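Pulled from TrEMBL, these are the features on record:
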BINDING   A:C84, A:C87, A:H88  heme c 1 binding site
BINDING   A:C229, A:C232, A:H233  heme c 2 binding site
DOMAIN    A:216-339  domain 'Cytochrome c'
Amino acid sequence: MSRRGPNPAQAGRRWRRPAALLLSAGLLAFTAAVPADFVPFVRPAGWPKPAYELRRNPQTPAGFALGRALFYDPILSRDYSTSCASCHSPATAFTHADHRTSHGVEGRIGRRNAPTLQNLAWTPAFHWDGGVNNLEVQAVNPLTHPSEMDFTLDGALARLRAAPAYRARFAQAFGDSAVTGQRLLKALAQFTVSLQSYNSRYDQVMRHEPGAAFSEPELQGLALFRQHCASCHQEPLFTTNGFANNGLAPDPYLRDPGRAGITLQPADSFQFRIPTLRNIEFSGPYMHDGRFRTLGQVLRHYTAGGIRASATLAPQLRQPPAFTAAEQRALLLFLFTLTDKQFLQDPRLNYVPEAAAAPAAGP
Amino acid sequence: MPFSLLLQPLCGLLVALALPPRPAEATGAASPARPGPPAGLRLRVEPVFGSQPLVLETQTYPTAHNGAVSLSTCRFYLSALRLTFTDGSSYAEPASYHLIDAADTATFSLTLPQAPGKAIKMLTFSVGVDSAANVAGAQGGDLEPGRGMYWAWHSGYVNAKLEGRSPACPGPRHEFEWHVGGYQRPCASLRRVTLPVPPGHPATAPLRVLADVGQWLSTRRLAETASVLVPGPAAQALADGYATMFRLAPATQP
């Protein structure tokens, strides 16, 4: 699929040039100190109010850079094998390509598909079951889960305190070199809150940017999408952030009750968080257990008799849509317009080698 | 702020005061009358078993319904401390969250440096952590999520933990685990406790609060309630129990 607009990699690099800073008026107040690889959080025009209260955790370039270093550092796993990025890779909208469910330390397999990480400031409840209530505390889960990083917060903090480069980074980010759990989590959130996708061709068309347009089949796909999909995958986030049972037959091995595991309400059985569809072209496999490898399989689930009736099935799916082959193709073409290569290839969100990232001086 | 200071477990209060917005600060020192100049007040919160000091692991305590009980873990949060004075005014400690750990006597001593030096009529506090702090993201001080009192998979604080052994407990090891939490209705397990201060208690003399684990245990039968690890009705019943375990002891002079 061809992109219209500037080459995203070049666009990213251009940030390093002073003139490019004019692109973001909000940055001008502190341009002198802004590293070219800092991505401040922005609220795109017309988007709803974020759930995350960034004022409780004001972003700084140093806090963002510390969060990014932590995100890509396997030091946070018990055996130094696994980082956040192991299961949340930038090129796939921060999910884990080709794995139904991800593997953590010692190759242990989890029971749910790693979700994408994008536009997290609008997520009121994290995980497929919505059990986590704030972006900052989400990271405690992968860090301590036996199938993921299998470590303890105290263990991670001890390692970071023993690393002069990290003590210096904490001092730059928070004013002194104390390495606390609160600071670790806030720094991670300062990075992850900036994993924002709002520059897909869909977004450019919606913003009436010059040269941005949908093809005829894409327009047809958009119409079908709005008619049949948007009640759950609501624009512009492409999710309501609610929970739904979309008719997947429960896996007898995983025995995952979904939302009901948190609420203990039978009415929530087999309901899972509605995922965003942004960058869906690259975020497979799909569904909470990663059972579908292709978008074709996903569409067939919804349109070709895949939906399994049950007491908690989403009402919208009780009479599933029946798309023709041409309609399915149009829908897919529309979904591909949600690909945001500027986000997927943003070097500022990617791993920065330690030599380039290390702060100039320690405390 | 010196690095070493932040690491000391006793410094939760100092950390709390130094850090950016904390949920309880909004409430401040709301009181009908001006509270007066600060004189400071010390509190000591002592886990006990009936009339005996609580000794973990090595001590066994006979009980009426639960056999001979020994304890391995006893930790709980006290929060939203408020002093009500005989003149009708009151003082609420800002950012008031204290983790009491029977295994660490340093956690028993609390200091309210800004408390006015007036005759106290009653002490009020909550057992557990309020919902504001439960949803406010990563917290510091005594609320650091690495202190073993935070549920990661279902966000929220464990308000109190009691673990031990008794022949009354089912299972091959005869152990019990009470992890009581839950901040959302209808499963909220935060409980408010009010302790009247005897008339004649000297204005700035320390208050000694006894947390009688024996009393808490007497409210449930371990044979039926040996394992409570999630929010819900069983946890709420245990929360009703821990709300009854506090009493004031005659103060020692400072």
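Yeah, the Cβs are placed from backbone N, Cα and C, and that goes for glycine too.
A:C229 (heme c 2 binding site) sits 28 Å from A:C87 (heme c 1 binding site), taking the CA atoms of both as reference points. The highest number of surrounding Cβ atoms within 10 Å, among the binding-site residues A:C84, A:C87, A:C229, A:C232, is found at A:C84. Neighbours of A:H233 (heme c 2 binding site), defined as other CB atoms within 10 A of its CB across all chains, total 21. If you measure from the Cα atom of A:H233 (heme c 2 binding site) to that of A:H88 (heme c 1 binding site), you get 22 Å.
Counting only the Cα atoms, the space from A:C84 (heme c 1 binding site) to A:C232 (heme c 2 binding site) is about 28 angstrom.
Secondary structure by DSSP for the domain 'Cytochrome c' (A:216-339): 44 helix, 10 strand, 70 coil. For A:H88 (heme c 1 binding site), applying a Cβ distance below 8 Å and a minimum sequence separation of six or more within one chain yields A:F71, A:F94, A:T95, A:H96, A:A114, A:T116, A:L117.
Between A:C232 (heme c 2 binding site) and A:C87 (heme c 1 binding site), the C-alpha separation comes to 26 Å.
Highlighted in sequence order, A:F225, A:H228, A:A230, A:S231, A:Q234, A:F238, A:T239, A:I274, A:L277 have their Cβ within 8 Å of the centre of the Cβ atoms of A:C229, A:C232, A:H233, the residues recorded for heme c 2, and are not part of that set. Looking just at the domain 'Cytochrome c' (A:216-339), the mean pLDDT is 96.
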